[in-house]
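**Student:** Can you keep this structure in mind? I'll have questions shortly.
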């Protein structure tokens, strides 16, 4: 899910990327949708079909199973809408929303899917904040089944087959820099998972990575600093509450 960026104004000083699961929301949306299954759990035969690196294909089978059990679009939407946000995240969104329009271009890069994300964002009034959302496309077919497709294919050995967030971030920033005729002053990335570490590696020394404290992204950054000093270039600001992200952004935009 990514459309032309030509209508985004070219005067924005900063770009900030967000993950969705366990970054914006305090759960994993793929886990939450299981609440719609009979007994709120999946049968073992289905769980046993999961293969490492092929989670997207596994979730397609889960969504097919839910449809076969009579789970409706409105039921899935209601589950997504009820997922709590992470501490401080809605306050951070309000800060971004009230900044001058030339400050932030806001982009999401998520391995969830369009239906889960859009359901949550619209329920919380946050959809207009995001200029772009890159995620796995998902739509309901004529039989009422949510059909999810992989976002893209890539050659990165670190990431699942259907999405490398570094490829997404790197290509988008390069395209936008060309369209704008100049680079962003800083790039920010807010995430939590191992697949958020991959795009954070591509950040430069003026950029800021905001890993959720003690989550895989944070641990991988810490391990990289210890094992290969200088390899990870971005400033690292771990957070427990997104208000810590807000405080750092407030200082940086004032510089």
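Each residue, glycine too, has its Cβ placed from N, Cα and C.
It should be emphasised that the depicted structure is a prediction, and the values quoted were computed from it without experimental measurement.
From TrEMBL, here are the annotated features:
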BINDING   19, 21, 192  Mg(2+) binding site
ACT_SITE  19  active site, nucleophile
ACT_SITE  21  active site, proton donor
BINDING   30, 111  substrate binding site
**Student:** Between 21, 192, which of the binding-site residues has the fewest other CB atoms within 10 angstroms in the structure shown?
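**Tutor:** Among the binding-site residues 21, 192, the lowest count of other Cβ atoms within 10 Å belongs to 21.
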**Student:** Identify all same-chain residues not among 19, 21, 192 whose C-beta atom falls within 8 angstroms of the centroid of the Mg(2+) site's C-beta atoms; report them in sequence order.
**Tutor:** 20, 22, 23, 24, 28, 110, 191, 193, 196, 212, 215
**Student:** I want to check the contact list for residue 19 (Mg(2+) binding site): same chain, sequence separation of six or more, C-beta distance under 8 angstroms. What comes out?
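**Tutor:** Residue 19 (Mg(2+) binding site) has long-range Cβ partners 108, 109, 110, 165, 190, 191, 192, 193, 196.
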**Student:** Using the alpha carbons only, what distance in Å do you get between residue 21 (Mg(2+) binding site) and residue 111 (substrate binding site) once rounded?
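**Tutor:** If we compare the Cα positions of residue 21 (Mg(2+) binding site) and residue 111 (substrate binding site), the gap is 8 Å.
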**Student:** For residue 30 (substrate binding site), write down the residues of its own chain that are at least 6 apart in sequence and whose Cβ falls under 8 Å from its Cβ; none is a fine answer.
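**Tutor:** In sequence order, 21, 55, 59, 62, 112, 116 meet the Cβ cut-off.
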